[in-house]
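> Feature list, courtesy of TrEMBL:
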{"type": "DOMAIN", "residues": "226-256", "note": "domain '4Fe-4S ferredoxin-type'"}
{"type": "TRANSMEM", "residues": "59-82", "note": "transmembrane segment"}
{"type": "TRANSMEM", "residues": "103-123", "note": "transmembrane segment"}
{"type": "TRANSMEM", "residues": "129-150", "note": "transmembrane segment"}
{"type": "TRANSMEM", "residues": "269-290", "note": "transmembrane segment"}
{"type": "TRANSMEM", "residues": "310-331", "note": "transmembrane segment"}
{"type": "TRANSMEM", "residues": "352-370", "note": "transmembrane segment"}
{"type": "TRANSMEM", "residues": "409-430", "note": "transmembrane segment"}
{"type": "TRANSMEM", "residues": "442-461", "note": "transmembrane segment"}
Amino acid sequence: MRMNLLQLPFIGRFVRWRYSRFVLQLPLLLLAVLAIYDGFFGRQLAPKNLATVSVWLHYRGLLVLVIAVLGNLFCSACPLMLTRGLSERLRRFVPQFSWPLALRNKYFVIAFTLVYLFAYEYFDLWASPWLTAWLMVSYFGAALVIDSLFPAGTFCKYVCPLGNFNFALSTTSPTKIGVRDRQVCLDCEGHYCVNGRVDTPEGPLPLAFNAEAAGTRHPGCETKLYAPQIESNLDCTFCFNCVRACPYDNVTWETRNPAREWTTVRYRLDYVMLGLLLFFAGFMNAFAMIPAYYDLAEWAAERLHTSNEALLLTLAFVLWVGAGLGLSLLAAASADRLAGLREGAWTALRRWGGAFLPLTFAMWAGHYAYHFLTGWATIVPVTQQALASLGLPVGEPNWQLAALVPENLLYPLQVAILYLGLMGAAYALFAKARSVGRLSAAVPMFIYFVLLVVLTLWVLAQPMEMRGTLLDPGSMPGGLK
């Protein structure tokens with residue numbers, strides 16, 4: 001049964017308020033500014049700096065929690081979008097471009113995300129407050145430049161690695177944007193949810209075609225999602241522009257069973273690739289934190305007669321992600337063959353690959369849970385220290401809070417999360433197999449997923465670097481050990 005959360009008194013009034021998004025963005029903006037300041041000028045020790053603790057421990061841990069409980073609200077509250085006002089002014093003075101047609105997909109952001117994860121390991125971003133601060137500044141700068149030169153929403157949809165990471169994980173969220181009555185949308189001439197709305201004395205007009213009209217403005221969806229056609233949370237930033245732009249109060253924020261998305265939506269191949277490669281990149285990210293990775297790196301260094309960390313790390317990323325893609329194509333093609341289908345490996349991957357999405361969420365949620373819970377209380381003393389550096393009377397930081405870790409619960413929690421992800425993936429696989437008329441067709445992909453989960457659980461069971469916490473003796477930049 002679907003429930004429209006906008007019918008709840010406080011939530012509905014707040015979301016429809018034109019300044020609601022700013023209210024959500026302002027605290028994160030202030031935190032970002034303070035973190036950047038502390039990253040540049042504060043103590044350059046990762047566990048005692050707000051930049052590294054807030055970005056690499058708390059943001060990532062809270063992200064998966066909020067996505068699992070409510071949805072992609074971190075994109076909704078993203079402070080990067082506060083550059084939008086300045087970018088609108090800059091558009092008067094800079095040339096305007098359309099985003100290249102060849103890049104209107106997820107392949108560019110997939111490559112960008114892999115480079116980002118490589119840089120995280122190679123430059124030890126988790127251990128460098130200074131580099132983390134520069135990364136945050138770069139994000140603000142990139143959002144400003146891209147949205148000044150290209151249409152609004154381009155950065156979110158095609159460039160931002162964090163936003164697209166959120167899009168992929170939010171396919172498991174229990175809420176999405178919908179509509180009350182599709183007939184109202186069919187009768188709507190302005191398509192205000194996409195085009196925006198400007199209220200004039202003569203009545204509402206589509207903002208996209210009446211940019212010079214005087215009146216109160218309500219922008220539409222910047223990623224160009226048409227509300228009655230939304231079946232997935234992919235590309236939805238939960239900005240709620242569609243809610244505020246609709247003059248008929250027809251747009252909903254509704255609860256749902258995410259399994260329906262995994263079984264009914266036929267994802268584009270680039271969406272499938274995003275979810276799949278995020279899984280293998282996430283595995284690589286976790287594997288690089290255990291002793292086996294350093295043993296393997298030393299073995300490779302001896303065989304290749306090189307100690308070049310960039311080369312060895314690139315080799316590890318390419319081989320693992322490449323092997324993951326190859327095995328996924330093989331498993332999907334095997335499933336298609338059992339179903340009596342002969343449409344090629346890439347078509348097979350598109351058919352079966354959507355089942356990777358719950359597994360991808362489980363991979364990152366299990367990994368992030370470990371780091372978040374080992375350093376969840378660190379945010380208190382590092383924030384106190386950053387505020388104290390500004391001369392504010394916030395008291396003496398209690399660094400003992402950083403060590404409050406329910407260690408005996410960590411691995412069982414990770415196991416539970418991975419099992420839930422496997423159950424969701426299995427449900428999607430067998431539902432797809434039923435739809436093609438051969439239940440046994442799901443077996444190759446299911447066996448493949450079980451092996452991936454077993455391998456992931458083995459990695460998570462190993463002694464792992466507690467990066468960015470006072471519990472990690474290696475919280476300073478290192479390299480091959």
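Backbone N, Cα and C atoms are what each Cβ position is placed from, and that goes for glycine too.
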> Determine which residues of the chain contact the domain '4Fe-4S ferredoxin-type' (226-256) at the Cβ level, with the cut-off under 8 Å and only residues 6 or more beyond its ends counted.
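That would be 2-6, 11, 15-16, 18, 20-21, 71-73, 75-76, 78, 81, 156-157, 163, 167-168, 170-171, 173-182, 184-186, 188, 190-197, 204, 207, 218-220, 264-265, 267, 271.
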> Cβ pairs under 8 Å only, please: of the recorded stretches 59-82, 103-123, 409-430, 442-461, which one is richest in them relative to the transmembrane segment (310-331)?
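Going through each listed stretch, the top one turns out to be 103-123.
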> Given the transmembrane segment (352-370), which of the listed stretches 59-82, 103-123, 269-290, 409-430 has the most Cβ pairs that are under 8 Å apart from it?
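The stretch with the most close Cβ contacts to the transmembrane segment (352-370) is 409-430.
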> Looking only at the domain '4Fe-4S ferredoxin-type' (226-256), report the model's average pLDDT.
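Overall, the domain '4Fe-4S ferredoxin-type' (226-256) comes to a mean pLDDT of 95.
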> I need to check the long-range neighbours of the transmembrane segment (103-123): which residues 6 or more away from its ends have a CB within less than 8 Å of a CB in the stretch?
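Tertiary neighbours of the transmembrane segment (103-123) are 131, 158-161, 164-165, 268, 270-271, 273-274, 277-278, 281, 284-285, 288, 309-310, 313-314, 317, 321, 477.
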> At a C-beta cut-off of under 8 Å, are there same-chain residues at least 6 beyond the transmembrane segment (409-430) that contact it? List them, or none.
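Counting only partners 6 or more residues beyond its ends, the transmembrane segment (409-430) has Cβ contacts under 8 Å with 172, 258-259, 262-263, 352, 354-363, 365-367, 369-370, 373-374, 439, 442, 445-446, 449-450, 453, 456-457, 460-461.
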> DSSP-wise, what's the residue breakdown of the domain '4Fe-4S ferredoxin-type' (226-256) into helix, strand and coil?
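Residue counts for the domain '4Fe-4S ferredoxin-type' (226-256) by secondary structure: 8 helix, 5 strand, 18 coil.
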